[in-house]
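Per Swiss-Prot, ATP binding site is recorded for Leu8, Ser9, Gly10, Gly11, Met12, Asp13, Ser14, Ala15, Ala16, Val17, Ile18, and the stated evidence type is sequence analysis. As annotated by Swiss-Prot, Zn(2+) binding site applies to Cys186, Cys196, Cys199, Cys202, with the evidence given as sequence analysis.
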Amino acid sequence: MKKAVVLLSGGMDSAAVIAMAQEQGFAVHALSVRYGQRHTSELDAAARVAKAQGVVAHKIVDVDLRSIGGSALTDDIDVPEAGGAGIPVTYVPARNTIMLSLALGWAEVLGANDIFCGVNAVDYSGYPDCRPEFVAAFQALANLATKSGVEGAGIKVHAPLQFLSKGQIVSEGVRLGVDFGLTVSCYNADANGAACGHCDACRLRAQGFAEAGVPDPTLYA
């Protein structure tokens, strides 16, 4: 069976991506990153999702982005209750580049040629590292920078949610049997994973379930 490394945050998008990769016949190795995020309950959610969806392995890697700072997700900066114009304060500098690089390294060790990530259409209007151009550029870099890219079959970066709305992601996840009740999206989630219901992540998540006509399983504080 082909191997793939899937970035798993513990949120609804990455849970759906795991199921999509498995449907394509990949043996999924899930990678989560403890980067200093304030909402650490998402890593607990990642462990739940990995177990429930039967991944081959789940690895959590520590990278202290809090020591660099620059984001409301790592610093003592208030998370806004509504999105605004421009790049939001919840953008973590270079986070997706760093996470994909870690996934790339693990893929090489595993002999895997495929990496999956959950960037999507809802995100790339505000986050520069969620744009299709970024995904294509990282794939090009991966094939220039690795032994697999130079001597092997090459690396493919999959972003299957790239052009899907949150509602479409929910519908696809439900079709594939994803238990979204295990996931955490909230930027202000408490230690038990209960969501605030007010931040931008909560708003987009709720809209997704409403759009899909699916009951919202989110635990709210």
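Just so it is clear, glycine is given a Cβ too, placed from its N, Cα and C backbone atoms.
Comparing Cys202 (Zn(2+) binding site) with Gly10 (ATP binding site), their Cα atoms are 14 Å apart once rounded. In the three-state DSSP classification, Met12 (ATP binding site) falls within a helix.
The distance from the Cα of Ile18 (ATP binding site) to the Cα of Cys196 (Zn(2+) binding site) comes to 26 Å. Taking Cys186, Cys196, Cys199 as the binding-site residues under consideration, the smallest Cα distance to Leu8 (ATP binding site) is found for Cys186. Each of the binding-site residues Ser14, Cys199, Cys202 was scored by other CB atoms within 10 A of its CB, and the lowest score goes to Cys202.
Cα distances from Ser14 (ATP binding site) to the binding-site residues Cys186, Cys196, Cys199 are smallest for Cys186.
Neighbour density for Leu8 (ATP binding site): within 10 A of its CB lie 32 other CB atoms from the protein chains shown. For the recorded ATP site, residues Leu8, Ser9, Gly10, Gly11, Met12, Asp13, Ser14, Ala15, Ala16, Val17, Ile18 set the reference point as the centre of their Cβ atoms, and the other residues of that chain within 8 Å of it by Cβ are Ala46, Val49, Gly118, Thr183.
Annotated pair Ala16 (ATP binding site) and Cys199 (Zn(2+) binding site), C-alpha to C-alpha distance, rounded: 21 Å.
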